[in-house]
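Engineer: Sharing a structure here in structure tokens format.
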Amino acid sequence: MGTTTTHKFDRPLRLPPLPCPFPSEVNPYVEQVDKETLEWLIDSEMLDDAETVERYRQAKYGWLSARTYPYAEHHTLRLVSDWCVWLFAFDDAFCESDRRAAEIARALPQLYAVLEDLDVGSEVDDVFAKSLLEIKGRIAAYGDDEQLDRWRNVTKDYLFAQVWEAANREDEVVPSLEDYIFMRRRTGAMLTVFALIDVASGRSLSADEWRHPGMRAITESANDVVVWDNDLISYAKESNSGNSRNNLVNVLAEHRHYSRQEAMEEIGEMRNQAIADMVAVRPSLEALGSDAVLAYVRGLEFWISGSVDYSLTSSRYTDAWRTARQPSIR
């Protein structure tokens with residue numbers, strides 16, 4: 001359940017500290033892939049105009065993939081980098097916009113048909129579906145059937161979750177904390193990028209390893225950390241938009257009657273506990289003696305360190321702090 005009431009809050013705001021015990025590295029192919037990914041994105045026609053292209057150029061999204069997959073070879077770094085910008089482009093076009101839930105729902109059939117290898121009886125003409133088809137082909141080429149199935153299943157969950165977000169925007173609903181945490185694990189698309197960790201590392205997880213309780217637990221904690229960090233860092237960008245209700249800061253402020261600053265501090269404590277949970281479960285996964293499992297765990301850790309390192313320097317988020325009286329970095 002949710003609520004439609006709103007509050008006004010005190011200013012200015014400060015981000016809480018975002019400590020990270022995990023290593024931070026940059027892939028040596030970063031500059032090359034950043035350039036290639038932007039060219040791929042322009043060719044895809046997912047961006048509407050030159051101004052948007054320039055905004056993406058300045059954001060340097062190749063640096064996000066280079067920080068979160070520092071171990072990847074050039075071809076797999078290109079794959080994950082292109083997938084990340086597909087997600088950003090889709091997010092900007094459908095999720096950060098004023099599109100209604102019904103509009104997003106009507107866009108799903110062609111995307112689902114691509115993911116499911118269905119013959120829709122006509123050529124794929126939607127630019128997002130065409131780019132999705134191309135990315136899926138590369139995942140199939142670089143990974144195995146099990147890896148492809150994992151990725152497309154969580155991608156379908158991500159796409160459907162956008163309808164839920166849009167419905168919240170449309171009805172001006174602030175979701176309950178329980179609903180928000182559950183759905184944020186899907187709306188944030190993190191499971192789609194986590195599903196490519198073993199493709200990028202070249203160490204394929206078995207089905208039993210993927211379903212191991214410890215793997216599920218550490219994946220859920222890592223997911224929470226990254227999306228909650230994003231809710232904090234992106235708050236200036238989102239606070240004046242229609243999507244501001246789909247942010248943990250406003251969810252806590254609404255349902256626990258916190259100030260926005262108190263909500264940010266609470267999120268800082270929540271994400272620190274989730275990191276502690278990851279550290280606690282790691283020894284049991286190391287005991288499995290699987291190189292693939294350890295590579296996956298390291299991949300999760302790089303996602304936490306890399307996403308923070310990227311986001312605190314990216315124009316996608318920092319520009320909003322400069323143009324609005326919103327959070328500053330402590």
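Glycine is no exception: its Cβ is also placed from the backbone N, Cα and C atoms.
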Engineer: Which stretch does Swiss-Prot mark as motif 'DDXXXE motif', out of 67-72, 91-96, 217-222, 283-288?
Structural biologist: 91-96
Engineer: Using a Cβ-Cβ cut-off under 8 angstroms and a sequence gap of six or more, which residues of the chain neighbour Asn230 (Mg(2+) 3 binding site)?
Structural biologist: Gly188, Ser307, Ser311
Engineer: Applying a 10 Å Cβ distance cut-off over all chains shown, what neighbour count does Glu165 (site 'Plays a critical role for substrate recognition') have?
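Structural biologist: So the number of other Cβ atoms within 10 Å of Glu165 (site 'Plays a critical role for substrate recognition') is 23.
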Engineer: Could you round the CA separation between Arg184 (substrate binding site) and Glu165 (site 'Plays a critical role for substrate recognition') to a whole angstrom and send it over?
Structural biologist: 9
